[in-house]
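Everything on this sheet refers to the single structure shown next.
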Amino acid sequence: MKKENQVNLGRRQLLKSTAAGTVLTGIGGTLSFTPIVEGIAAELPAPLRRTGVGEWLATTCQGCTSWCAKQIYVMDGRALKVRGNPNSGVHGMSSCPRQHLSLQQVYDPDRLRTPMMRTNPKKGRDQDPKFVPISWDKALDMLADKIIALRVANEPHKYALLRGRYSHINDLLYKKMTNLIGSPNNISHSSVCAEAHKMGPYYLDGNWGYNQYDVKNAKFILSFGADPIASNRQVSFYSQTWGDSLDHAKVVVVDPRLSASAAKAHKWIPIEPGQDSVLALAIAHVALVEGVWHKPFVGDFIEGKNLFKAGKTVSVESFKETHTYGLVEWWNQALKDYTPEWASKITGIDPKTIIAIAKDMGAAAPAVQVWTSRGAVMQARGTYTSISCHALNGLFGGIDSKGGLFPGNKTPLLKEYPEAKAYMDEIAAKGVKKEKIDQRGRLEFPALAKGKSGGGVITANAANGIRNQDPYEIKVMLAYFNNFNFSNPEGQRWDEALSKVDFMAHITTNVSEFSWFADVLLPSSHHMFEKWGVLDSIGNGVAQISIQQPSIKRLWDTRIDESEIPYMLAKKLADKGFDAPWRYINEQIVDPETGKPAADEAEFAKLMVRYLTAPLWKEDASKYGDKLSSWDEFVQKGVWNSSPYKLEARWGKFKTETTKFEFYSKTLEKALQSHADKHKVSIDEVMKACDYQARGHLAFIPHYEEPYRFGDESEFPLLLVDQKSRLNKEGRTANSPWYYEFKDVDPGDVANEDVAKFNPIDGKKFGLKDGDEIRITSPVGMLTCKAKLWEGVRPGTVAKCFGQGHWAYGRYASAKFGVTPRGGSNNDLIADRYDRLSGASAFYGHIRVRVEKV
C-alpha cells in the first residue's frame with residue numbers, strides 16, 4: 001500500500017472510531033475503538049496527494065504557560081498537523097514536542113461528548129457516579145436553580161468558581177459573574193503553578209510576573225532547577241535557541257536530577273533538594289570578596305578599595321550604590337558569613353567550584369542570567385530561595401541588560417471587561433465581603449502577592465477550607481479546566497472536600513478525578529481547535545498576543561468554557577428572575593465596532609475576543625508594536641508582536657519602595673509590616689506563625705533558611721524529587737497513547753512505563769534492579785511503579801516524573817477506568833505544605849520516602 005493511501009485510510013478509520021465510540025455511563029461505560037492516527041504523523045508538503053487542499057489556520061496552545069502561537073493544518077475538516085506560527089516574533093515556527101499530542105487530545109474517543117448528570121447520590125472515589133446523558137438546557141437549569149437558591153437564602157458566598165488553566169477572556173466567568181452572584185470565592189490554580197517564583201523578582205525589582213531571558217546574547221547562564229528546553233516557560237523559543245546559546249554562553253545547571261537542559265550544559269551540579277540558596281548566597285559572597293560584582297549597576301566603594309572581607313562588617317557610608325539599595329546591609333547582616341567553605345559543609349560542593357562559578361559570572365557580567373524554577377522555590381520556605389537566587393541577577397547586572405533578563409513588554413491588550421459593581425444588588429454586595437474559602441490573609445497565610453496581605457490565592461488550602469467548613473461551607477461549585485484531586489499535593493484532601501459539596505458542575509473535556517465528584521458534567525470545546533480566546537507570551541525580547549479560533553467544526557455537543565457557557569448560564573438565571581449577569585453581558589460586553597450585543601452564545605464567543613483585542617486592530621497600536629489594519633488581518637495572521645524590549649528601561653525607576661533593585665527589601669518590609677499590623681502582632685510573630693527561621697532585619701534580605709523536611713529520616717531515608725515531563729500539557733495528555741510510547745524522551749524514563757529513578761548506589765543499598773515492581777511510601781501516602789537505576793539522579797534521592805497515576809480520565813490514562821490507576825501519582829506522596837509568604841504549595845524538597853519491592 002502506498003504511503004498516501006495509508007494516510008487517508010488512517011484518517012477515515014479515525015473518523016469512524018470517534019463517531020462510533022460511546023459516552024461514559026459510569027465505570028462500566030463502553031470505551032471501544034482505538035483511533036489510528038497515521039495521518040497525523042505524516043508530512044504534509046504535497047496536499048494534492050490527499051483528498052483535498054489543506055490550509056494553515058492560526059490558533060494558540062493553552063496546554064502550558066508557554067502559550068505558544070500555533071498554526072493548524074486543516075484538510076477536509078480534519079486537523080492533521082501543528083506547527084509554530086511563523087508570524088510569531090517570539091518563537092516563529094519552532095515548537096515543543098508536546099504540540100503534536102494535542103491532535104490526540106481533540107480526537108480522543110474518550111472525550112466528554114454531551115452533558116451528563118450524576119444519578120448516584122453518594123460521593124467518593126469508590127462510588128460509581130452513574131452518569132447519564134442530559135441536555136444542555138437541563139444541565140444549566142440545575143446549576144441555575146442551585147445558584148438562585150443560595151441567593152434566596154442570603155448565602156451567595158457559599159458559591160465557588162474554581163479555575164484551572166485559562167485564557168484572557170476568563171474575567172467574565174472567573175470574576176465578574178462570581179461577584180455578581182455575590183461570592184468572593186473565585187479560586188485560581190496559580191499557587192500550585194509557580195507563585196513563589198515571583199517573590200524574588202517582585203520584592204527585589206518590583207516585577208510581579210515572569211521574566212524573559214536574552215539567551216541569544218548571554219555569556220553565562222546559571223539555572224537553579226529550570227529546564228528551558230523541556231518544561232519551563234516559552235519552551236518553543238528556548239528549544240530553538242538553546243543550542244546556539246551553548247556556543248557563546250557557559251551554562252551551569254543546578255538540579256538533583258540530570259534534566260534535558262542539564263544533559264546539554266557545560267556543568268551539572270546535582271545539589272541536595274532544598275539547598276539551592278546555599279550555593280546562590282556563597283556565589284554572592286565570593287563576588288563581593290573578589291570584587292567581581294557589576295559596578296556600573298551596583299556601585300562601588302567611594303575610596304575605590306574593596307573592603308569586603310569574609311566575616312568582617314563594612315561601613316554603610318563607605319559604599320555608594322547606583323541602581324541598587326542595601327548591598328552593605330545585606331553583607332553585614334548575613335552575606336559576610338556565607339563563605340564557600342560554609343556552603344561546602346552543607347552541600348558538598350567543592351569551594352573551588354563555587355569560587356570559579358562566581359569569577360566566571362563576574363567576567364561575563366552583565367550578560368549574565370540566573371534562572372529559578374518550581375523545583376528550587378516551590379518549597380516550604382521557598383520565598384527566600386527565590387529572593388536569594390534572584391539577587392544574583394542584580395549583583396552581576398543582568399537586570400534589563402543585553403544577555404540578561406527582563407520582564408514582559410507593555411502591550412495594549414485589555415485583560416478585563418468593564419466594571420460590574422453597578423450591577424451588584426445588596427445580596428451580592430454583602431456576600432463578596434465575606435472571607436475567601438482558601439483563608440488567604442490570615443496570620444499564618446500572608447499570601448503577599450504584589451505586596452498585599454491576602455493578595456494571592458492559596459489554591460490547595462481551599463480544600464481544607466471546604467472540608468472543614470472554615471470559614472463556612474461551600475454548597476454550590478462551578479469548576480473548569482482543572483483537576484485538583486490529581487494536581488494538588490495530598491490530593492485525597494480534595495476527594496473529601498468535594499464529597500461535602502452539595503452540588504458541583506465541572507466543565508471538562510474528559511471525565512477526570514475531579515469530575516468523579518460532580519453532579520453535572522459540562523463538555524468543553526478543546527482550547528486549541530474549537531475555542532475563541534486570546535493569550536499572550538514573552539520571549540526573544542518581544543511580547544506577542546495570539547488568537548485562539550476554531551479550526552475545525554466541533555466534534556460533539558460541547559461549548560466553550562469561558563464564553564458560551566457563562567452566556568447560557570446568565571440567560572438561564574435571567575429566566576429565573578436574576579438578570580444582573582445577563583444585563584451586564586448585553587449592556588457592557590458589546591462589539592467594539594457596531595456597539596451591539598451578541599445575538600447568541602456562538603457570536604458572543606467571538607465578540608469577547610474582539611472586545612479585548614480591539615486596541616490592537618481597531619486602533620493604531622504601532623506605538624507598542626505591529627500595526628494591524630483590521631480584525632480579519634489579526635485573525636489571519638494570528639499574532640500581534642510588540643516592539644523589542646528597551647534595555648535598561650527600569651533603571652532608576654524600579655517599582656520598589658526605593659525605586660532601586662533592593663538587596664535590602666524595603667518593599668518586603670512594608671508588606672510584612674502591613675500584614676503584622678492587620679493582625680496586631682510583630683513581624684517576628686508573623687515569621688514564627690508562618691514557620692520561617694528569620695527574625696529581625698534578616699526577614700528583609702536574601703538569607704539561608706534550612707529546608708523543611710517532612711518525615712523521619714530513619715523511617716524515610718530518601719528525598720523525593722518530583723519532576724515534570726516534556727510531554728506534559730499540565731497533566732492533560734495522560735490519555736494520549738503517544739505520551740506513553742515516547743516517554744523515554746524524558747532523561748532516564750522508559751517508554752510505556754512509569755518509573756522511579758534511583759542512583760545505582762541507592763539501588764545496591766536497597767536491593768533494587770531495573771524493572772522491579774516497587775512501592776514508594778511517604779508519611780501521607782503511597783504509590784506503586786517500577787524501579788529504574790540511573791546515574792542521572794543524586795544519591796539519597798528518588799526522581800519520579802509527574803503525570804501518570806490517573807484512575808480516571810480515559811482508557812489510556814488509567815489501568816481500569818474509575819478503579820485502578822496506571823502507575824502512580826506523585827501528589828499522593830506529597831504532604832500539604834506551603835510557602836506561606838507567597839501562598840504557593842510546596843511540591844519539592846520536603847518529602848521523605850521509603851522504597852520496598854512489591
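Count begins at 1; order follows the chain as displayed.
A Cβ is built for glycine as well, from the same backbone N, Cα and C atoms used for every other residue.
Annotated features in Swiss-Prot:
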type	residues	note
BINDING	Cys61, Cys64, Cys68, Cys96	[4Fe-4S] cluster binding site
BINDING	Arg165, His189, Tyr210	arsenite binding site
BINDING	Tyr166, Ser190, Lys198	arsenate binding site
BINDING	Cys193	Mo-bis(molybdopterin guanine dinucleotide) binding site
DOMAIN	54-110	domain '4Fe-4S Mo/W bis-MGD-type'
SIGNAL	1-41	signal peptide
The domain '4Fe-4S Mo/W bis-MGD-type' (54-110), counted residue by residue under DSSP: helix, strand, coil: 10 helix, 20 strand, 27 coil
Distance [Cα-Cα, Å, rounded] between Arg165 (arsenite binding site) and Lys198 (arsenate binding site): 18
Remaining residues near the recorded arsenite site, that is with C-beta within 8 Å of the centroid of the site residues Arg165, His189, Tyr210: Thr65, Tyr166, Ser190, Cys193, Ala194
Additional residues surrounding [4Fe-4S] cluster, by Cβ distance to the Cys61, Cys64, Cys68, Cys96 centre under 8 Å: Gly63, Ser66, Trp67, Lys70, Ser95, Arg98, Gln99, Val235, Ser236, Lys729
Mapped DSSP class for Tyr210 (arsenite binding site), helix or strand or coil: coil
Binding-site residues near Tyr210 (arsenite binding site), in sequence order, restricted to Cys64, Tyr166, Ser190, Lys198 and a 10 Å Cα cut-off: Lys198
Cβ neighbour count within 10 Å of Cys61 ([4Fe-4S] cluster binding site): 25
C-alpha spacing of Tyr166 (arsenate binding site) relative to His189 (arsenite binding site), in angstrom: 9
Local Cβ density at Cys96 ([4Fe-4S] cluster binding site) - other Cβ atoms counted within 10 Å: 27
Among Cys64, Cys68, Cys193, which are binding-site residues, the residue with the most C-beta atoms within 10 angstroms of its C-beta: Cys68
Integer Cα-Cα distance in angstrom, Cys64 ([4Fe-4S] cluster binding site) to Tyr166 (arsenate binding site): 10
Site with most surrounding Cβ atoms, counting all protein chains shown within 10 Å, from the binding-site residues Arg165, His189, Lys198: Lys198
Rounded mean pLDDT for the residues that make up the domain '4Fe-4S Mo/W bis-MGD-type' (54-110): 95
Per-residue Cβ crowding (10 Å cut-off), top of binding-site residues Tyr166, Tyr210: Tyr166
Residues satisfying Cβ distance under 8 Å from Ser190 (arsenate binding site), sequence separation of at least 6: Gly456, Val457, Thr459
